[in-house]
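Residues or ranges marked as molybdate binding site in TrEMBL: SER84, VAL190, TYR208. Marked as signal peptide by TrEMBL: 1-21.
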Amino acid sequence: MKKYLSLFLILLLASSLTVMGCSSKQPAGPSPSEEEAANDDLQRFEGQQLNLFVAAGMKKPMDEVIAAFQNKSGATVRVNYGPSGGLFAQIEQDQPCDLYYSADWIYIEKLEEAGKLGKSLKFLKDNLVLVVSSGGQAKVKSVQDLTKPDVSLVIADQQAPVGVYAENALRALGLMDKLGDNIKARPSTVNQIAIMVKENQVDAGLIYSSVANANGLEPVETIDEKYSGEIVFGAAVIKGGNTELAEAFMNFARENASVFEKYGWRAYE
């Protein structure tokens, strides 16, 4: 009997120690999640306004990010979409802007030269692609086909970085001087090119992979960046504006880079 009683007491003691050990590892009480803490931090901007300038090609994902940011912060975002070069010119002319997203890093560098740059961030990467309309599919299978006499092509003008990248690629491939009248239009934004191709106004266009994806256009060729140049989308906080709110939005967009990735961008690493 004593033997069984001793065994029972040993087992009871071991069980008590196990429970005590487990209990000691339990948290003292619930703590707010990192997301809740971040939301609380954003709410200090409630009632403030952010003047945001954004390259036109980023519109679809940026609209999603803006809606989420406004919902979590209570701030208002007034957005101006346009060609990166045109937006840069507006900033140079002191149009109200707190944060600027450019499709070409060169404009971020120009802001620094002009003494207008606060913080900056290399945000996303993209590729130049060749897209073809339904009417152009039989004629254009690759970028080399763009010089055929019966092909119509659209590329952006040089105010839009995509126009610069397109010219870089065409010159590097020895095609630019052979295109002649095949270039039918030089619109100011990449979105206009996508519309023209989708509506069968031209046979082909050179646009960003992300814009092709957003518009349901299947690229027939991806242009190597050794021809186009590295395509980096950057963000710049503008001196003299609401820099705290601008930095908060810039960080929020970076943390939600997956929104941009689903449209075909890649996070800059």
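Glycine residues also receive a Cβ, built from the backbone N, Cα and C atoms like all the rest.
Taking Cβ-Cβ distances under 8 Å and a sequence separation of 6 or more, the neighbours of TYR208 (molybdate binding site) in its chain are GLY57, ALA103, ASP126, ASN127, LEU128, VAL129, VAL162, VAL190, ILE231, GLY264.
Long-range Cβ proximity for SER84 (molybdate binding site), meaning a same-chain Cβ under 8 A and a gap of 6 or more residues, is found for ALA55, SER102, ALA103, ASP104, TYR107, GLN159, ALA160, PRO161. For VAL190 (molybdate binding site), the number of other Cβ atoms no farther than 10 Å from its own Cβ, over all displayed protein chains, is 31. Across the residues annotated as binding molybdate (SER84, VAL190, TYR208), the widest Cα-Cα separation comes to 14 Å. The molybdate site is defined by SER84, VAL190, TYR208, and by the 8 Å test on Cβ atoms against their centroid, the other residues of the chain that qualify are ALA55, ALA56, GLY57, MET58, PRO83, ALA103, ALA156, ALA160, PRO161, VAL162, THR189, ILE207, VAL211.
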